[in-house]
């Protein structure tokens, strides 16, 4: 009996392991047969059959366990290979290979439209800048919600802010990439993500300023100037990479519309969406807009508003 | 089945025997088994480790103790206490604090994970949990700021209290950012420190903003 390994010996003694499917099947089979024999009342014969059954079961159990063990090994190898292939963050490493001066230069360039549209403009395919800009936009949205006069229920609003910004960046990029594919534009997905991400720099500036100084006319000026500059930049880059008037029109019109409308939405409708969520939570008993003055706007907004008014008057 | 050729199953194998498989559960006593020491020793050892790391955060020197023996007890305690203190801060009395607790938790851990991934992608040499440990421990100054804010708010909610709270939160925010930068920036290539510091700055900014805009019932 010495040829077997210790594993097999222990498994012979331990006959209640459920580690292979055959074991479970045979356990159920044995229990069923025990029940049948108890019903018949032949316990002696049952024990005899149990003894032999154990021996047979032992052999088939070992076979079952070996098969189960091999299946486990193969499965584990496949899973670890798939994991190291897909969850390897080194795939993203080339897109984060930037220097701070490059990031700063690209941020400033995103506001300057290019003049030369006959030659395909270079787009850097990096993801660090756009990702940081999206997070900055989320932070600015939260800051804006805090300084506006609405009651903040932070849990849902944080999720809404993150969902809106990331949804815009990823969703509109994918949609524009699809359109670019239809219109035969020379642009890759990473470049599209990068272009749109850097276009959010204008949004960040506009929202940061207008959330602190609440003037609608100021917002419209910023919307046109800052939003317009970043839109022109993106549009010019896209035009330089597309051939054909209709295609250029489709692509650039869609991008300009989505970009500018997103800024409008963030400034005006986002608060309505937020208040709608709060209404849904607060129910019919509460007044629709619970305007609670916070000590921050009282102090800082008054100061900023009067300063802005003074500046506007002197100009 | 060639592999089973030498397996022999004899009929007189005893059915009784040990059900517990004696593999590794009876480790020898001279091994580093901490299973037999009194519970007090275990707790005191862990508490001392956590306390030492708190001291390192408050006085950030360039020592590698925080990095080498990372643990997540401190960040968990800090996160839970900060989330508890931030509850009850909305004017809606029907708010039972649920979203706020979960929100603080999710922001801290999700933000720390994102910063860690970012620093790894930028070529950092620090491991995942070490970075989580450092970022979590450096929330300590902000937790202290939250405590101070709550005490100040007990006295009143006027302009002076706002200025005091603003100054305290700003100071603690700066301390948190500096402390975590002191530990994390060393693991980066020297010209990319700014790229790693900015997300940390954003992260602590969001937490500081939540602390500053907290107004109790």
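Placed from the backbone N, Cα and C atoms, the Cβ positions cover glycine too.
All annotation found in TrEMBL is predicted automatically rather than curated by experts.
Among the residue ranges B:36-55, B:196-215, the one that TrEMBL annotates as transmembrane segment is B:196-215. Long-range contacts of the transmembrane segment (B:70-89) within the same chain, counting only residues at least 6 positions beyond its ends with a Cβ under 8 Å from a Cβ of the stretch, are 46, 49-50, 53-54, 95, 97, 100-101, 104-105, 108-109, 112, 129-130, 132-137, 139-140, 142-143, 146-147, 150, 207, 210-211, 214-217.
Long-range contacts of the transmembrane segment (B:162-184) within its own chain (CB-CB distance under 8 A, at least 6 residues past either end) are made by residues 57, 60-62, 66-67, 119, 124, 126, 131, 134-135, 138-142, 144-145, 148-149, 152-153, 193, 196-197, 200-201, 204-205, 208, 211-212. Mean pLDDT for the domain 'Yip1' (B:58-210) in the predicted structure: 83.
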